[in-house]
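Structure provided below as structure tokens; questions to follow.
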Amino acid sequence: MSQQQWGVTPPISTAGPTAEENQLNDGMIEELRAQGSFESDAESKKRVQVLNVLQQLTLEFVYTVSKRKNMSEGMAKDAGGKIFTYGSYRLGVYGPGSDIDTLVVVPKHVTREDFFLVFDEILRKRPELNKIQPVPDAFMPILKIVFDGIDIDLNFGRLDIPQVPLNLTLRDKNLLRNIDEKDLRALNGTRVTDDILELVPKRTVFRHALRTIKLWAQRRAIYANMFGFPGGVAWAMLVARICQLYPNAVSAVVVAKFFTILTQWNWPQPVLLKPIEDGPLQVRVWNPKLYANDRGHRMPVITPAYPSMCATHNITASTQKVILEELKRGAELMSEIQRGTKKWVDLFQKHDFFYRYKFYLTIVTGTKGTYEDHLKWSGFVESRLRFLVQKLEVVEGIALAHPYVKAFTKSYECANEDEANKIKQLYGTLEGEEFAKGLKELDEDILAAQEEAKKTDDGDHDVDAADNDKEADGKVVVHLMKLYIGLKIELKGKQKKMDIQQPCTDFNTICSSGAQFDEMKNAISIKHVKLYDLPNDVYTEEEVRPVKEKTKKRKNEKMLDGTKKAKSSPAPAVGA
């Protein structure tokens, strides 16, 4: 009797688990529990309650827009609206503190502009709303909210149908007709997640293996699509492919094979869960034979739902090197775990990013305005960081430009403009950390809550009131964010230094040309910081910061040209 084939090739092995493999699997799940990977029943029930509230708000949103567009009462009520989940929540691999990726699906008369205006208004009236950050100009426009303590990314998708009933599914490809690319990308998030679950042999095995790989990738700081690493859906598809190749294996074996196979994978050969499909739309489907951009994808992982897209298009030359190094490390550790010389906890050891390089670039954004203004501006800069990485990669002497996957943020109350300008200049360095000790640090969660309360009470026009009150007595509130890029430098021959002025200037131009940039409120600067000048807040309390050994002054100390040292004025810089 022939075996069922999962995916585009026959399985490598259909063998079931041995007693040793079952024991190894039990140890893996036990370690996942010890690491806090699983959520309590009470927390899971709260998520369901929040999603039920959001479903009711979606109905209210569509009804409100329908009435404003002069539809009758009956037609407005029948217009419907439905939320779908996708990502880690839909896949069943969420844990404590995980966000919920949510798609708001609406009928054809409701626009994306309505979403960012009307749905925004409805959300702000709810007492459960803790924080809101509209990101309308991103590649995937979303409303980022914290609702009753739960982080939620609200996406928007419009269908070319007059009503969206509660029993609607998104399986029918014809639902994708006559919609724009942003709607198509949004709708495909849910469709891809559903396809992944259908394309794995055993969902429980897949979920435990994916939890392990997610935790590993997060600890090793290689989990962030925006910064050029695989995101949640890409890691899920990679794990799913290994499940297809070993359909009867337990999760621990899937994890071991994951590292072995992907370390040896012949990139840029794509990872596929099923053959790429044709469909009814005149839309672009991933095809490196036709499209030059697709040929440029370094580690393509292709979504199974029509129209197939590359989920890893943001991976750069540098981030690919980092990913492959981590996969190799994972393979070596798994061999030792299987032999019993290492334990599962060793796989989840934290990254060493802030120990690894001699030089770092610090990208600092500053905002003199509301906290919401700051979220919009800093979020935009975050979404563009990979362009700076790509520009640095082609500079002679830079072997690697490694972006860190998380931002650091602070808000301060300064006595005057001079203090505000100085903390913006020094933020991201050890000297800046010392200077900040003389400033009043503001709690960003409280700031966000105060702004929401102000909007609810007085309307949008008064949202700057708290900041204006500060300015009235000469005090200035400044919101700051810093991002880091580690630089591996390899100067060759007679090369004494290198010039990174141009990529930094180009990046400043990209950011300051965006619609989010207001020169009266926003600023951005780039400076280089040496390892021993990094601030303490990049290290945890358990970590020991690196200490400089007393040696003779190195000849290549001034290798970096084009940014100032951290102690001097950052350059290039633009804005307030």
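Cβ from N, Cα, C; glycine included.
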In TrEMBL, which of 1-20, 421-440, 501-520 is tagged region 'Disordered'?
1-20
How big is the gap, in Å, between the Cα of Asp101 (Mg(2+) 1 binding site) and that of Gly232 (ATP binding site), rounded to a whole number?
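That comes out at 11 Å between the alpha carbons.
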Reported as an integer number of Å, what is the Cα distance between Lys214 (ATP binding site) and Asp99 (Mg(2+) 1 binding site)?
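So the alpha carbons of Lys214 (ATP binding site) and Asp99 (Mg(2+) 1 binding site) sit roughly 14 Å from each other.
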About how far apart, in whole Å, are the alpha carbons (Cα) of Asp99 (Mg(2+) 1 binding site) and Val233 (ATP binding site)?
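So the Cα of Val233 (ATP binding site) lies 14 Å away from that of Asp99 (Mg(2+) 1 binding site).
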By DSSP, what is the split of the domain 'Poly(A) polymerase central' (205-350) into helix, strand and coil residues?
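For that range the per-state counts are 77 helix, 4 strand, 65 coil.
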Near the region 'Disordered' (1-20), which residues from the same chain, at least 6 beyond its ends, have a CB less than 8 A from one of its CBs?
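Same-chain contacts beyond the flanks: 199-201, 241, 243-250, 253, 257, 272-275.
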Which value in Å gives the longest Cα to Cα span across the ATP site residues Asp99, Ile100, Asp101, Asp153, Lys214, Tyr223, Gly232, Val233 as recorded?
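19 Å is the greatest Cα spacing among the residues binding ATP.
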